Ligand SMILES: Nc1nc2c(c(=O)[nH]1)N(C=O)[C@@H](CNc1ccc(C(=O)N[C@@H](CCC(=O)O)C(=O)O)cc1)CN2
Ligand SMILES: Nc1ncnc2c1ncn2[C@@H]1O[C@H](COP(=O)(O)OP(=O)(O)OP(=O)(O)O)[C@@H](O)[C@H]1O
């Protein structure tokens, strides 16, 4: 696959994300949809993220979840992410790539649901991140061990007609946008 195609689509989706109007209204709707989804999965371990670079903020829905919440930590460039437990209010630290995550003292846990930050997505579960392959490696590792629900969290503006799929791409199971919680139509 031509890697420049993915980077062009990534740039297009990130520009659309940066141009979203009425973000607060959209994020409130997205969080309501995510909270309703999480309410159908009480007590399970949910991985969220602390937004960077204009990503939609899932923390309002996470803070209402009945079970444990964890956040991703970059361990090494080509390695899966680790997830550390985060209780709202716990101190966080900054990581090398502009991330914010719990300190090493926080317990490592395995999520049942992963809320995935996105540059772009399509209607078939295709997703684009920042190009590190972190979520691909992480979802692959988690799915080898147990079922996991990958839930994309993004503005409608980040929707792309079709994202090319590589062998290592791990699909989303659901996508939450301001218009609702969308299940993936598999071909
Ligand atoms: N909020 C949030 N947290 C997250 C992620 C995320 O996408 N969003 N991650 C999801 O993976 C991990 C961090 N991944 C990142 C991957 C790449 C870059 C980055 O700056 N990439 C450069 C390109 C580097 C290169 O050329 O190799 C860039 O975008 O300019 C930053 C974070 C873990 N935490
Ligand atoms: N399990 C894996 N093993 C080896 N290489 C992988 C694996 N998963 C992804 N990669 C590689 O990582 C690179 C980046 O992948 P891709 O462009 O899909 O990143 P992304 O999905 O945008 O990033 P992220 O997953 O961090 O959100 C690709 O070259 C891909 O081949």
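Backbone N, Cα and C atoms are what each Cβ position is placed from, and that goes for glycine too.
According to TrEMBL, the protein carries these features:
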BINDING   6, 7, 8, 9, 10, 127, 128, 129, 130, 131, 132, 133, 134, 135  ATP binding site
BINDING   50, 55  substrate binding site
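Non-local neighbourhood of residue 130 (ATP binding site): 10, 119, each in the same chain, at least six residues away, with C-beta under 8 Å from its C-beta.
Filtering 50, 55, 128, 132, 134 by Cβ distance to ligand 2 (under 6 A) retains the following binding-site residues: 128, 132, 134.
Counting only same-chain residues at least 6 apart in sequence, those with a Cβ under 8 Å from the Cβ of residue 134 (ATP binding site) are 72, 74, 80, 81. Geometry remark: residue 50 (substrate binding site) versus residue 8 (ATP binding site), CA distance 25 Å. Among the binding-site residues 6, 8, 10, 128, 134, the residues whose Cβ lies under 6 Å from any atom of ligand 1 are, in sequence order, 134.
As a whole number, the greatest separation of Cα atoms within the ATP-binding residue list 6, 7, 8, 9, 10, 127, 128, 129, 130, 131, 132, 133, 134, 135 is 20 Å. Under DSSP, residue 128 (ATP binding site) is assigned to a strand (E or B) in the three-state scheme. Comparing the binding-site residues 8, 50, 128 by how many other C-beta atoms lie within 10 angstroms of each C-beta, the top residue is 128. For the pair residue 6 (ATP binding site) and residue 55 (substrate binding site), the C-alpha distance works out to 19 angstrom. Sequence-distant neighbours of residue 132 (ATP binding site): residues of the same chain at least 6 apart with a C-beta under 8 Å from its C-beta are 74, 77, 97. Residue 10 (ATP binding site) counts 18 other C-beta atoms within 10 Å of its own C-beta, drawing on all protein chains shown. Of the recorded residues, residue 8 (ATP binding site) and residue 55 (substrate binding site) place their C-alpha atoms 18 Å from one another.
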